[in-house]
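Annotated features in TrEMBL:
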- 20-302: domain 'ABC transmembrane type-1' (DOMAIN)
- 334-540: domain 'ABC transporter' (DOMAIN)
- 17-39: transmembrane segment (TRANSMEM)
- 59-76: transmembrane segment (TRANSMEM)
- 134-152: transmembrane segment (TRANSMEM)
- 158-180: transmembrane segment (TRANSMEM)
- 239-264: transmembrane segment (TRANSMEM)
Amino acid sequence: MKPLDPRLLRRARAARVFLLASVLIGVTTGGLIIAQAVLLARAITTVVVSGTTAGVERLAWLLAATILARAVLVWLQEVVAQRSSAAVKSALRGQLLAHALQLGPGWLSGERTSSLTTLLTRGLDDLDPYFARYLPQLVLASTVPIGVAVWMARSDLIAAGTVLVTLPLIPIFMVLIGLATQAHSRRRARALDVLAHHFADVVAGLTTLKVFGRAKGQAIAVRRVTNRHRVASMSSLRLAFVSSLVLELLASISVALVAVGVGLRLVEGQMGLETALLVLILAPEAYLPLRQVGAHFHASADGVAAAEEVFRVLETPLPAHGGRTDLPALPLSLRGVTVQYPDRAEPTLEGFDLDLHAGEVVALAGASGAGKSTVFAVLLGFVAPAAGSVQVGGTAAEEYDARAWRRLFAWVPQRPGLLEGDIAHNVRLGRPDASHADVRRALELAGAAELDPAQAVGEQGQLLSGGQRRRVALARALITDAPVLLLDEPTAGLDAETEATVLEYLRASGRTVLLVAHRPALLAAADRVVTVGARELVIA
Ligand SMILES: Nc1ncnc2c1ncn2[C@@H]1O[C@H](COP(=O)(O)OP(=O)(O)OP(=O)(O)O)[C@@H](O)[C@H]1O
């Protein structure tokens, strides 16, 4: 990312306001620095040359006021920076979440969710030093040195010339250091990413690892990944310290050059004491903001890397959608649909055809991994087919607005997601205004009459059994008024009697149902069976 990425200004209004405020504060600070130097030089000269303190009191008061004003500006800058940083982070988080949701599960499956979580939380927090330290110094660095050099030139051209010649050396070195830092920052971000990903996986699979006696082995792996992160962080820090040293050295030598020239001219009587003092006080101020930019660059590099990652996601194009918002009307058809997942050599679906008429119950059969869930993903718009078309009532799916399109379906996936809360809350996700009686009825129809709607489901439904989760998800789908039900093995985990009741309801409801089926009872309940994949399924 450039020192100030235009995308940041474009995407976050708070960043624009912050920049404007920083420029105003920066210009005022520049003026105050010069005023402070002038007042100090005059006060010292008055005391030293005239030997009296007459008139010094007024200068001292003015000096105190200038120092106070500078302190107020520093406070103001800090307040504006913290607020802007919070606002920008919140805006970017909101945009990132909204975009990720629009990109949908198809995109998400190709991403590491733990990376996205790190980015949304800790990653973007790294923008704090960028706003609080780096950007304000960048603004000061582009205003103060020029103001100081121009003011110096009024009193001493040689000193101003020395400053103007040596000043560019600092940004040149900063660019060189920046190039080296970029690679280190990326390596560190990658190490953090691997650490987060690995750690999340290990925690999620801890029970399995314990059962198979592999937990200890994972501790070694976590230690190895942590170590890699530590090494990357230490090398970033080492570079930061070395670069600060280089910049400090460069600035000190430059100030010394100015000071030696001024000293010689003062001794030879070519320069007055007040001018000499003014130049000596101003010279370090010209280099200070540039040195500070260099020092804060490292602290903000991680935030900059995080912002770049956010822009990468935000710039991922959304699937094409039209503006039609009316409820699509059946029949639904897939024609020659081919799906090619990015990291797969072979297409998962190839030239797949399907017709679904209103009121039909159609079963999708096929070997495990044949692509049955992928057919659902295509219908729901989570996966864009590489070839072929999805049509409803003769109209292409792309002509519909994504929300309007999804109103057509209620979906029970293989591993249904449940939200923390009670069962009724999860069922009502299908229809928020459903009454208690509606919730009970839906549970009954899903073969879950024995479940209490007030029962808590826990995080990700962990307080329920696998079969109970599935039935709550089925109730959630049944309570909607979506015309098409997409059910992935809806009766898995049900006993034969309950399964028969559920299937009876599905048939009697008159809804259009597309279900993934392995069990003979399900296959028998369907009007038609469509086989997915090359291998034909033998139906007993
Ligand atoms: N997001 C994805 N990225 C890459 N490959 C995927 C993705 N989703 C599914 N696949 C692959 O596509 C193939 C079909 O998967 P799918 O889940 O559609 O099969 P399925 O017929 O529903 O299987 P099962 O009956 O076992 O549930 C599998 O080989 C799977 O590994």
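Using N, Cα and C of the backbone, Cβ positions are placed for all residues, glycine too.
Predicted, not measured: the structure shown is a model, and the values here were computed from it.
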So what's the average pLDDT for the domain 'ABC transporter' (334-540)?
86
Between the stretches 17-39, 59-76, 158-180, 239-264, which one has more Cβ pairs under 8 Å with the transmembrane segment (134-152) than any other?
17-39
Quick one: do the transmembrane segment (158-180) and the transmembrane segment (239-264) have at least 3 Cβ pairs under 8 Å, skipping pairs fewer than 6 apart in sequence?
yes
Give residue numbers and ranges for long-range contacts of the transmembrane segment (59-76): same chain, 6 or more residues beyond its ends, CB-CB under 8 A.
25, 28-29, 32-33, 35-36, 39-40, 42-43, 46
